[in-house]
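Copied from TrEMBL, the annotated features are:
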DOMAIN    10-225  domain 'CWH43-like N-terminal'
TRANSMEM  12-32  transmembrane segment
TRANSMEM  53-75  transmembrane segment
TRANSMEM  95-113  transmembrane segment
TRANSMEM  125-143  transmembrane segment
TRANSMEM  163-183  transmembrane segment
TRANSMEM  195-220  transmembrane segment
Amino acid sequence: MFWFMEGICCLPTFLVIWSSSTFIVSYLIALFEHDVDVIFPYISDTGAKPPESCVFGLMTVITALAGTATMYARYKFVEKLNETAGGVPPVLNQAAFWIGMLSCLGMCFVATFQETTITAVHDAGALLFFVSGVLYTILQSIISYKAFPYGCSLALCHMRTGIATIAFLAVFPTVVCAVFVTQTTLHRKTKDEDYVFHLVSAVSEWVVAFSFIFFFFTYIHDFKKFTLKLRTEFVDYSR
């Protein structure tokens with residue numbers, strides 16, 4: 001049996017590969033079409049114009065669906081783990097799950113409403129995605145420590161905490177510096193007054209996005225340990 005066939009580790013594996021491909025593919029297409037600059041455009045800039053906007057939208061929605069499935073599987077894993085070992089408050093597990101769902105919802109808004117068409121909705125979706133995503137990584141890091149040693153190794157707990165810390169620190173310049181970016185053009189010049197703010201915000205945005213990807217990469221080890229089964233029950237309403 002191949003490693004990616006153990007348990008349901010195919011879920012986080014697919015999520016990691018697909019989400020990273022979403023950012024890279026749309027960036028390469030936008031670059032080929034000369035729609036963005038080579039040096040750190042906003043991720044949303046790479047999906048602002050067709051044809052890359054079509055690819056970006058489709059792949060981002062699929063990423064959101066894969067994220068939803070992965071987060072739900074993680075929620076059920078912690079729930080089952082808690083039945084036998086304890087240590088993780090159910091409310092903490094539930095809070096992490098629903099905050100994760102908000103992040104996936106924000107991702108769908110980003111994919112559906114391009115920044116050059118309905119900017120306010122796009123920006124609101126991006127803010128929801130990043131803030132909820134960072135909170136999710138923080139809560140899951142706490143859950144990992146509380147579930148130790150039954151959930152994962154201590155080294156993996158430290159790794160998740162490190163990734164969550166990077167995402168937490170990077171989300172602030174992403175949001176704050178974006179406030180000072182006044183121009184909405186896709187091509188930027190170093191002499192622009194807000195260029196420094198744009199650069200810091202864009203770099204931080206890429207750091208946060210790939211922090212999420214690396215965080216889900218740490219799920220692969222855990223997801224080898226369990227499977228999910230769908231059970232169908234018939235209810236007789238005639239009685």
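Glycine residues also receive a Cβ, built from the backbone N, Cα and C atoms like all the rest.
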Model confidence for the domain 'CWH43-like N-terminal' (10-225), as mean pLDDT, reads 91
Contact between the transmembrane segment (125-143) and the transmembrane segment (195-220) (3 or more Cβ pairs under 8 Å, separation 6+)
yes
Remote residues contacting the transmembrane segment (163-183) - C-beta distance under 8 A, at least 6 residues beyond either end:
127, 130-131, 133-134, 137-138, 140-141, 192-194, 197-198, 200-201, 204-205, 207-208, 211-212, 214-215, 218
Residues of the same chain, at least six outside the transmembrane segment (53-75), with any C-beta under 8 angstroms of its C-beta?
8, 11-12, 14-15, 18-19, 21-22, 25-26, 29, 46-47, 93-94, 96-97, 100-101, 103-105, 107-108, 110-112, 114, 136, 140, 216, 219, 222-223, 228
